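Trainee: Before anything else, here's the structure in question.
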Amino acid sequence: MVRGKCMVCDSPNATNYHFGAQSCKACAAFFRRSIAMDQCYECLGDGVHSCKIDHTLRLNCRHCRLKKCQKAGMMRDLVQAKREIKSDKGKNSRNSSQSEDFFSPPPEQPGPSNYFDQFPWQASENEMDPYPSSPKIRKMSENLMGIDELQQFIQIPAGVDDFPDIFTDSDEIRSRMTSISEASAYVTGMEEEERLFGLAGLYTEQVINLNMRRRITYTDRLLGSVFDAPCVCPYDKADLKLFDHRTYRQKNRNDYTMILDYINRFPEFESLSKSEKTVLFRTAAAVDVLLDQSYYSQVIFPTEDVLVTANGEYLPMNPMPKVENQRDSGNFHSDEDYDRFKMLTSMKVRQWLHVCEPMKKLDMSLAEFSLFKALTIWHYNYYKLQCTGKQICSRQRDDIFRTLLLICDDEGHDSALIRASEIVLAVGIAMAEVHEMVTSYIEITVYDVLDDPILKDMLKFQY
């Protein structure tokens with residue numbers, strides 16, 4: 001398959017012309033949604049200069065993305081024509097395979113509480129059709145009134161001759177009601193897509209804000225530089241400092257403030273009790289340590305084996321650092337100095353092998369990573385909260401999973417379900433390493449290798 005460059009977002013995965021312009025499947029789907037729902041977006045920039053539209057940040061400014069679609073040559077009339085053809089097929093042949101694929105409700109899927117108990121499941125052949133694909137749309141037609149039930153509520157006046165013949169033709173009535181039901185399901189499905197894209201935008205924005213604050217805290221950049229572009233990663237290679245076990249602190253008080261700001265905007269966070277908020281906050285702090293360093297390592301060193309910590313330090317992993325039998329190497333001031341080096345470096349090596357390398361192979365986009373991080377936090381806490389908190393966790397992880405399917409399709413993966421499956425399965429990797437990391441830190445504090453009152457307070461929590 002010949003691939004070109006998308007004229008909208010510069011993605012290298014433009015395989016065809018969509019609505020009159022060479023574009024990737026993601027931008028084509030965005031244009032279709034925007035025109036079909038007659039959406040009007042507000043520019044996130046200054047309103048004078050167009051925002052940058054890049055395939056790594058498609059969710060940033062939808063106003064400028066839509067303008068760029070139209071500038072590239074996409075035509076709204078082609079979207080309308082496509083919808084009319086679908087509607088005609090629905091009228092003339094209820095059994096048309098294309099009509100059913102477009103409008104029919106998806107097969108029943110596991111509910112929010114058992115997504116992860118029954119995952120993965122087998123997808124039907126048509127399940128991943130991206131225009132629109134079944135996993136994106138809830139079963140919209142469940143509550144639509146059936147034709148027989150509807151006829152009980154329709155009272156045709158005695159002077160039926162005064163009405164057009166169309167209302168005396170039951171087949172035509174059935175056909176028109178079918179068309180209305182299908183159109184209703186289509187519009188409702190598009191509205192649900194829009195809600196889920198908004199959720200993806202929220203989590204992505206929170207990660208970008210966290211990155212901006214880290215850039216201010218841990219680099220020598222000018223303050224104005226944080227507004228140059230959305231902060232996909234807080235560091236460049238020039239910003240990094242070599243990992244030093246003597247000065248290394250996993251987090252300081254500013255870091256915990258950043259995490260609190262990050263988690264405060266999670267949907268339904270305010271509905272949790274005080275103790276449940278504390279649990280979610282502690283978990284977010286632990287997950288942030290593991291996942292953000294894996295993402296930074298992937299972005300800054302995509303082809304090199306280098307671990308980048310959340311506070312902007314780097315540790316080469318090829319060859320692996322030697323930690324055993326180094327006490328008499330002459331590089332350490334005391335036994336305590338060596339013990340600190342051994343514990344911290346061993347922990348970083350394990351995190352590299354168990355988390356960073358698997359994450360690097362997944363090569364997640366910013367939107368995928370943002371959803372993955374939030375999903376890990378919510379899912380981890382599902383087993384730790386009370387009944388109401390569990391219900392909130394269940395709703396949020398269900399929403400994130402469906403949003404992840406939508407994003408994987410939007411980014412042009414051949415199989416959104418397989419891609420989302422790979423990302424969701426990595427949640428278990430992160431959860432397992434959280435336990436290992438906490439165990440290492442307990443050893444550090446027990447032996448007074450690291451005197452950190454904030455860390456000791458965090459470790460009172462049973463992860």
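Placement of Cβ uses the backbone N, Cα and C atoms for every residue, glycine included.
Note that the structure is a prediction, hence the values are computed from the model and not measured.
Sharing the feature lines straight out of Swiss-Prot:
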- 3-81: DNA-binding region (DNA_BIND)
- 6-27: zinc finger (ZN_FING)
- 43-64: zinc finger (ZN_FING)
- 83-119: region 'Disordered' (REGION)
- 203-463: domain 'NR LBD' (DOMAIN)
Trainee: Using DSSP, tally how many residues of the DNA-binding region (3-81) sit in helix, strand and coil.
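Mentor: Tallying H, G and I as helix, E and B as strand, the rest coil: 29 helix, 8 strand, 42 coil.
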Trainee: Using Cβ atoms and a strict cutoff of less than 8 Å, what residues sit near the zinc finger (6-27) while being 6 or more residues removed from its termini?
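Mentor: Here the qualifying positions are 53-55, 58, 65, 68-69, 72-75, 78-79, 130, 409-412.
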Trainee: Between 0 and 100, where does the mean pLDDT of the zinc finger (43-64) sit?
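Mentor: In the predicted model, the zinc finger (43-64) has a mean pLDDT of 77.
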